[in-house]
């Protein structure tokens, strides 16, 4: 290695180019982090989870009540305590109707018509309560069987679908009267019912959102009722008082910048002497444009939501529900059709919102992976990705063994406990219970009174929870140990890490110089890299860079002898890193393999 006082011009330029590639890598990380921040702002602007939770929980907690089993005048039947058909009627009359058909305030004074049916005083119910009853067809129970006389009538798959509506102009007493009248009808909820779905549409002006609440009562063939509830919140104003276009515009700017950079990379690859293979090109193009492609899908779904909310027919239908007396004919086919249409539109918006959440989560994951991928030039920041890559080669065989053992315990659990515990009543439930058992979230009391429960539980915990999990941990720790030794103990990697830190500080100082318009050649005790590169381009010097030639190049600015010597020493350190990279790259080429060492990755960042 040449002395710091005399360096090859070619080596100096190679060291400066290598430093520039590191700087570009750092800038790409910063850009991705900014990109991530802007999109996070967009995500919480278009899907305001905090507001949506407040609105949905307010309605859900009032309608889908839960608690103790005791039923008194002050504590009526609760939704999630419904166990049989008679409980469903008690809940409808004594809990649901008083909660929805509100015509008086908390002090007993009559409300104005526009304030009727406010659930929890803030969530205005719209149109009416839609009750959908799906019934099964009655049929004979295997008439040729000797058990026919014991049980003659059975029910087949659902064949009929009836809809009822309770308009919100009714008070609680009137609504209960209609429920009593419907109870006498054959199409109302009875033992032939498959399920009953009660839909309530609400709007909260404080939080700018709708909620479609669906309370479902499923009558199982065993005779018990399974209550389930779902509250689907949606926004009402895509760009209302609590949101703006600013975050979208910033994301679009980042998208454009990212696409321009990606296109320049693709063109550079295509016109290189050693053009990547078609397979490599496809992989590289996918990695470059994956975020932007998913973002386009995100905004396509968002545009669909906006168009549905701004639809004229939808808005006119919603506005008619401001006064509950606009429609007062109970059972009107036109009113039912209108409410079905509005609820259908809001359910579609809720489904698109769910899709928007998933797509947004994918974009966040891709941006985070992009940042992790851009850490690859750094010998220590890339330790996670390198550890995972190293461990994956050993995980293949381990997962085969794990899946076989886990599947065996899942089937055994379902067979032994399936008829006693809901947690093992199906293979899906059994699988979920085994996973919960693995992470300590399983309630052993649900099976403790069943034979072989202790043997099953401890066998599973020893084999899967202790042996297999510790084997997986050992694989990861072994891979991490190998990677960390390489990252933190190899001299070349330590030099590269120090170099990256120095370049980052240089970048901060450059920004400070640019912002405050300071015309200086020296920064952090050495000549600024940009000034040195400019001087090498403007001055014709021989093939050696020496202290004297440096003084000649900067004779008008006079950086000083100490700064020149520090600059030469700094360049020499960069040349050493470049030479180590070239040596390792040559060793890999001679063996016909691609090196995976950190320092070699750093030397190929400009490829």
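Just so it is clear, glycine is given a Cβ too, placed from its N, Cα and C backbone atoms.
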Item to check | Range among 237-258, 259-280, 281-302 that TrEMBL annotates as transmembrane segment | outcome: 281-302
Checklist outcome for this item: Here TrEMBL annotates transmembrane segment, and of 326-348, 395-417, 418-440 the range meant is 395-417
Checklist entry - Tally of helix, strand and coil residues over the domain 'Polycystin cation channel PKD1/PKD2' (345-483) according to DSSP? => result 117 helix, 0 strand, 22 coil
Checklist entry - So which residues does the transmembrane segment (355-375) touch in its own chain, when a touch means Cβ under 8 Å and the partner is 6 or more beyond its ends? => result 25, 28-29, 32-33, 35-36, 39-40, 43, 46-47, 287, 290-291, 294-295, 297-298, 301-302, 305, 381-382, 384-385
Next on the checklist: Using Cβ atoms and a strict cutoff of less than 8 Å, what residues sit near the transmembrane segment (21-44) while being 6 or more residues removed from its termini?
Outcome noted: 247-248, 250-251, 254, 257-258, 291, 295, 360, 363-364, 367-368, 370-371, 374-375, 377, 499-500, 503-504, 507, 602, 605-606
Checklist entry - For the transmembrane segment (457-480), what are the same-chain contacts with Cβ under 8 Å, counting residues 6+ beyond its ends? => result 383, 387-388, 390-391, 394-395, 398, 401-402, 405-406, 409, 413, 434, 437-438, 444, 447
